[in-house]
Amino acid sequence: MTKGLEARTYEERLRELGLTDDDDIKVMLRGSFFWKVKTHRPRKQRLYRLQEDGMTIWFETRFKKAYSQHVFSILHIESVREGYQSEGLRKYGGCFPEDQCFTIVFRGKRKNLDLAAISVNEAQQWVRGLKKLMARGEAMSQREKLEHWIHDMLHQADKNKDNKMSFKEIKNMLRMINIDMNDIYAYRLFKECDRSNNDRLEEYEIEEFCTRLMERPELKEIFHRYSGEDCVLSAEELREFLHDQGEEATIKRATDIIQTYELNERARQHNLMMLDGFMMYLLSSAGDVLNQNHTEIYQDMSQPLCHYFISSSHNTYLTDNQIGGASSTEAYIRALMKGCRCVELDCWEGSNGEPIIYHGHTLTSKILFRDVIESIRDYAFKHSSYPLILSLENHCGLEQQSTMARHMKAILGDMLLTQPLDGDVPKQLPSPEQLKWKILVKGKKLPEGKNELDRCNFSNPEEEMQDEEDDRSISSLQEIKPLQAKDAIQISRELSDVVVYCQAVPFQSLSRALHNQQSNEMSSFSERKARKLIKESGNQFVRYNTRHLSRIYPQGLKVNSSNYNPQEMWNAGCQLVALNFQTPGAEMDLNDGRFSVNGSCGYVLKPAFLRNTQSSFDPEAPGRRAGQRPVALTIKVITAQQLPKLNKEKNSSIVDPFVRIEIYGVPVDCCKKQTEYQLNNGFNPRWNETLTFQVRIPELALVRFVVEDYDTTSANDFVGQFTLPLLSLREGYRHIHLLSKDGTSLSPATLFVHVRCKKM
């Protein structure tokens, strides 16, 4: 499996990547000196170099005359931008020619790396080289990622770099990969592989040791159950396995799988599958717990906007908390690239006639409204082609409001929707399909017969009181004198005219809104107000949300920008459930899980009972409904593979993992169950424990798989998680590819489970 890992030269590894003769890769392997641009006066150049594995970048930093070495993986890069295409380079890159600059954008919360090269040619070579390596990384199978991971561990464990492994180095490697193997067993395995009997593992001996270490006995058991004594799967035997998995079970399908995943050419020619090919298949997307058909657009996108859950961000401009965190255009880009379809812009009066965006009454930094609109123009439709809503919180005077409108028109051009599609506001909202590639503005609009010099009361007294309370509390924490609230304000005609389908109106009562509110009018609710409506008038609130958009936002008192549970708002049919995207945690996991389906386009069709204007559904007491059958969900947690080491500084620290499965849905469905913990094994822990759940409203339910490190004396540590809608969960034997706290891949870390979902 890991053929001569340490003995292979980097040329051989790059030949496997198909990049041996690539001039750009050769430059990267030699290394280049770059300036890291983070101030107006960059420090000395640093050496950056592609490592021999072809998938890792090495660099050296200096702090107070002390040097330290660092690496980052190509797999952790989200994109590479050329020129002044980051906030950092636009701000600090002026002392370098634009064509010598580029930005490495990382997945998750890691900050961008802005670099300036010595020459244009060197910058272009690195940009091209990085993009080639990223494309190769995206195309890597789970097996290849696993081999890359093992190679990296071996390289780190080989302290004297002699391409041989002593028992001490092997033990060190075992701790690095999160397994505390018994010394007697580890030494016996070491000696069995030490064919040369010199207390050193060399080339093929290392290969044998790694092969034995990576064995998956649970997969071997399943394979032999279907293959019989000859230890190979025929197309007919694989068809039987597919049938038991609940998949398309035809000979043609079985043959296609063999031809795609079988590694042995002779077996492939005879239409047979061996254990390695079977493992490749189960580790691929075809064996994923998430229904791969749901990763494409598969829902009806021609219904009114209010019939969809819409991925929405609160305080989108913030990269940290709402008291003193930094505001950044990069935060908008990250949200948009995650599929967010409603971003918030808190607009305030700025100097030189230019409106700014920041969290008012606080110490958060300020960014120009114009810069934000330019970033939105560039990234609005890179991830999703469906409409984007700009939620304006307007604290500007008439002059700067007009400036905002002019900036949006000039910068966004035809993307900005300024007129109803058919020339008049319809009785119901248009669909995402009709509004493809369009940007909508949510904001206040001048009433008929009013001009911009008239003062209009747009506020809801109850929400106004709460917001002022929150602002005062936040301000007192920082000893800042709060500004005067500006809810009863004048609206610029130019700004009013760009509001079409998302007109913000004060909410007075559900009965009044249901009778009087127009389809293009919508209201915003704090999480507290929304909970009150759900508790006191749940069914009426559901009916309101079948006709109108509603936006829910977190309490202002959450100074650390923590989030609320979005599920309770989705249960009532609320569409724009806005969360702090910069704050990782279970709440954002639920949001990511909800919108991981339907092509991750940011729009998910609500269940039929949340779209019916005569719905009798009450989220607090859902009851049984005609045509809806509850589900009995049975999940056997079998094993985990290559869980990440939490304390990398402490070699002896090994995780004691357990798995918790959480169901989120209507209150009666919410449930959490967990396995026992496995002592000192994050490499290949085995549980074989079965957890069962009854779910009454499966259309709303999300399933969250969580792995934690058990601790007897303090809170358990988070290891990884994966969340998905229950109706997108595939039955049978499945791998779950775990994600980190900020939603990035923990590859090659997986869970292996068996799922059964039976209607009751």
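Note that Cβ sites are derived from N, Cα and C of the backbone, with glycine treated the same way.
Some features that TrEMBL has for this protein:
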| type | residues | note |
| --- | --- | --- |
| DOMAIN | 26-135 | domain 'PH' |
| DOMAIN | 145-180 | domain 'EF-hand' |
| CARBOHYD | SER196 | O-linked glycosylation site |
| ACT_SITE | HIS314 | active site |
| BINDING | ASN315, GLU344, ASP346, GLU393 | Ca(2+) 3 binding site |
| ACT_SITE | HIS359 | active site |
| BINDING | LYS442, LYS444, SER524, ARG551 | substrate binding site |
| REGION | 451-472 | region 'Disordered' |
| COMPBIAS | 461-471 | compositional bias 'Acidic residues' |
| DOMAIN | 495-611 | domain 'PI-PLC Y-box' |
| DOMAIN | 611-740 | domain 'C2' |
| BINDING | ILE654, ASP656, ASN680 | Ca(2+) 4 binding site |
| BINDING | ASP709, TYR710, ASP711 | Ca(2+) 5 binding site |
Practice problem: Would you mind listing, in sequence order, the residues at least six apart from the residue listed as 'O-linked glycosylation site' in the same chain with a Cβ closer than 8 Å to its Cβ? | Solution: GLU202, GLU205
Exercise. State the count of C-beta atoms found within 10 angstroms of the C-beta of ILE654 (Ca(2+) 4 binding site), not counting that atom itself.
Key: 24
Quiz prompt | Cβ-centroid neighbours of Ca(2+) 3 site ASN315, GLU344, ASP346, GLU393, 8 Å, sequence order | solution = HIS314, THR316, TYR317, LEU345, ILE357, HIS359, SER391
Quiz item: If we check Cα distances from HIS314 (active site), which of the binding-site residues ASP656, ASP709, TYR710, ASP711 wins as closest?
Solution: ASP709
Quiz item: How far is it from LYS444 (substrate binding site) to GLU393 (Ca(2+) 3 binding site), counting Cα to Cα, in Å?
Solution: 9
Practice problem: For the recorded Ca(2+) 5 site formed by ASP709, TYR710, ASP711, name the remaining residues of the chain with Cβ within 8 Å of the site's Cβ center, in chain order. | Solution: VAL655, ASP656, PRO657, PHE658, TYR677, GLU708, THR712, ASN716, ASP717
Quiz prompt | Confidence summary for the domain 'PH' (26-135), mean pLDDT rounded | solution = 90
Exercise. Could you say which of the binding-site residues GLU344, ASP656, ASP711 has its Cβ with the most other Cβ atoms inside 10 Å?
Key: GLU344
Quiz item: Do you see any of the recorded positions HIS359, ARG551, ASP709, TYR710, ASP711 whose C-alpha is within 10 Å of ASP656 (Ca(2+) 4 binding site), and which ones?
Solution: ASP709, TYR710, ASP711
Quiz item: Out of ASP346, GLU393, ASP709, which has the highest number of nearby Cβ atoms, where nearby means within 10 Å of its Cβ, if these are the binding-site residues?
Solution: ASP346
Exercise. Using DSSP, break the domain 'PH' (26-135) down into helix, strand and coil residues and give each count.
Key: 36 helix, 43 strand, 31 coil
